[in-house]
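These come from Swiss-Prot:
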type	residues	note
DOMAIN	2-143	domain 'Globin'
MOD_RES	S2	N-acetylserine
BINDING	H60	O2 binding site
BINDING	H89	heme b binding site
Amino acid sequence: MSLSTKDKETVKDLWGHISASADAIGADALGRLLVVYPQTKIYFLHWPDLSPNSPSVKNHGKNIMSGIALAVTKIDDLKSGLNALSEQHAFQLRVDPANFKLLSHCILVVLAIRFPHEFTPEAHVAMDKFFCGVSLALAEKYR
């Protein structure tokens with residue numbers, strides 16, 4: 001699914017609202033992921049606490065949103081812009097790429113809750129397409 005110029009503008013505009021609370025959004029989304037899709041906990045068994053508000057979840061949520069921030073800056077070429085993250089997730093972390101879509105869904109839910117006025121149907125479509133592109137770019141090295 002390709003992003004139109006309008007989609008890219010919408011993503012960047014919404015990111016302007018998101019960026020101030022990106023760490024908390026990432027933590028909330030990751031916490032949701034671990035509760036709603038408990039099979040994803042397998043990647044984090046080395047953490048002492050997998051509860052939604054644990055320091056480990058908060059820290060990794062921050063890392064996730066740093067990756068999303070990078071993707072926003074590389075929105076015109078997600079594949080090459082996220083190449084290093086794709087390699088890390090494929091070869092080092094060995095994350096099943098299906099989990100990228102699950103996390104994307106959790107992020108969308110958090111955005112809808114936190115930004116009810118800004119998260120219009122048009123913004124929802126643009127962000128969904130953006131996260132599909134991010135998921136595809138992150139899965140690139142799995143092929």
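Including glycine, each Cβ sits where the backbone N, Cα and C put it.
Annotated features, which come from Swiss-Prot, shown on the structure.
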residue	record	Cβ within 10 Å
S2	N-acetylserine	7
H60	O2 binding site	18
H89	heme b binding site	23
Using DSSP and collapsing to three states, where does S2 (N-acetylserine) fall: helix, strand or coil? coil
Express the distance between the Cα positions of the residue listed as 'N-acetylserine' and H89 (heme b binding site) as a whole number of Å. 23
For H89 (heme b binding site) and H60 (O2 binding site), determine the Cα separation and express it in whole Å. 14
If you average the pLDDT over the domain 'Globin' (2-143), what number do you get? 94
